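Just below is one structure, and these are the notes that go with it.
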Amino acid sequence: MATLIHTLADHRNDVNYCAFSSSCLATCSLDKTIRVYSLSNFAELPYSPLEGHTYSVHCCCFSPSGLVLASCSTDGTSALWDTRDGRRLAVLEQPGASPVRVCRFSPEATYLLAGAADGSVVLWNVQSMKLYRSGKVKGGSLMACEFSPNGNFFVTGSSSGDLTIWDDKMRCLCNEKAHDLGVTCCDISSHPVSDSENGFKYFQMASCGQDNHIKLWFILFADFLGVQLKYKCTLNGHSAPVLACAFSCDGQMIVSGSVDKCVIIYETRTGNTLHTLSQHTRYVTTCAFAPHSSLLATGSMDKTVHIWRLDLKQPCAGDTVENESKVAIEDWSEDDVSAWLRAQDLADFVGLFKTNNIDGKELLNLTKESLANELKIESLGLRSKVLQKIEELRMTMISVSVPDEFLCPITRELMNDPVIATDGYSYEREAMENWISNRRSSPMTNLPLHSLMLTPNRTLKMAISRWLETQQK
């Protein structure tokens with residue numbers, strides 16, 4: 001069930017795009033402004049609206065940390081804004097001054113990708129605010145773009161109907177005619193998909209276009225095959241051009257918005273329609289799922305943004321549409337944990353977890369130390385992968401907004417091992433260690449760090465533990 005819980009009606013013209021961070025929602029419009037709202041109560045932030053573009057703002061997106069917001073406009077520029085106080089940090093002028101249609105941050109926030117009406121594609125270095133690489137699509141305007149979750153490549157879609165895969169050196173790896181009348185949007189799921197036939201891992205992508213269709217694709221990288229874009233299926237449901245599509249955070253759903261004024265939510269695995277929402281009175285131009293939340297935002301040429309809450313059942317091991325018997329995660333049996341491991345592409349750990357009698361309660365209590373010392377998982381990469389999946393599982397149990405001070409400024413995720421850096425801010429230890437291994441600046445201020453020493457923040461860790469206990473009662 002999808003319930004309309006709030007409507008934002010502050011824009012004076014068409015809403016072109018909306019984007020979530022873990023704590024905010026940003027919307028942009030033909031009225032030249034970007035507006036930013038708190039997810040805790042949907043109140044507009046004090047510095048909103050952001051003004052500075054001289055023409056329509058087509059797209060906006062948050063950096064992975066949520067500390068920077070990017071926007072792009074018909075005025076031929078992309079702008080970067082500080083989400084803490086609304087300051088404009090930079091104005092990046094597109095070569096040729098062509099209207100900029102889309103923008104995206106790379107997963108590590110190293111680059112901002114900007115695509116324009118003349119087909120130009122630019123990678124901006126976010127640290128130096130300088131152009132890093134540029135390219136151009138063959139014919140047509142650039143209408144869509146998205147980075148892969150690992151940042152190794154990105155995809156663009158054009159008004160000529162092509163989907164193009166590029167590497168971070170701006171080399172064209174693959175090109176495919178996808179939509180006869182032009183691509184309008186594309187999105188890549190953050191969850192890779194296993195191919196049982198040959199054992200490869202695919203990235204799953206959705207694209208939509210003026211042909212009324214949503215198409216699902218698999219993107220495969222293999223050393224001996226190069227890059228392959230494999231068509232999976234077409235989702236039919238709209239009766240007019242589809243202007244927007246997006247995966248849910250877990251990749252299990254796809255939402256789309258159309259000229260037919262409808263929003264449709266599909267189940268990714270089967271392609272079945274889960275919900276059809278028809279409350280907008282004009283074209284639906286944008287839709288986005290919130291990360292680790294049951295919220296969905298849809299924007300329209302009717303000048304409104306609708307906020308929906310999806311009645312999502314708490315995930316259980318081996319969850320399928322047919323499986324209606326749900327149990328709380330902390331009540332999972334060892335077999336439930338085994339099924340969950342297989343569903344998360346962690347089947348190699350089934351035997352290890354069974355040997356150590358890991359049930360749901362034990363699973364939720366696993367830490368980096370217990371994975372290394374008790375379960376003897378030697379690989380840091382594998383420990384990190386398991387911990388990430390467990391953290392996603394924990395987040396599904398949290399029914400209210402996490403206090404902002406409990407979130408790591410780098411990952412915007414709940415901290416497990418908070419440390420204080422010499423800039424005075426607290427971070428998740430592993431995230432900050434990764435950060436300072438590549439640079440000696442503060443993630444919050446961008447100023448040089450006088451020392452790389454990290455001090456455990458035991459007070460904050462205790463506060464987070466107490467808060468988690470209150471959420472699980």
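Positions of Cβ are set from backbone N, Cα and C atoms, glycine also.
Taken from TrEMBL as is:
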REPEAT    50-91  repeat 'WD'
REPEAT    100-134  repeat 'WD'
REPEAT    147-167  repeat 'WD'
REPEAT    235-276  repeat 'WD'
REPEAT    277-311  repeat 'WD'
DOMAIN    332-396  domain 'SAM'
DOMAIN    401-473  domain 'U-box'
Taken over the domain 'SAM' (332-396), the model's mean pLDDT: 85
Positions whose Cβ lies under 8 angstroms from the repeat 'WD' (235-276), at least six residues beyond its ends: 1-2, 181, 184-191, 204, 206-216, 282-293, 296, 298-300, 310, 315, 321, 392
Residues in the repeat 'WD' (277-311) grouped by DSSP into helix, strand and remaining coil: 0 helix, 19 strand, 16 coil
Three-state composition of the repeat 'WD' (235-276), taking helix and strand from DSSP: 0 helix, 22 strand, 20 coil
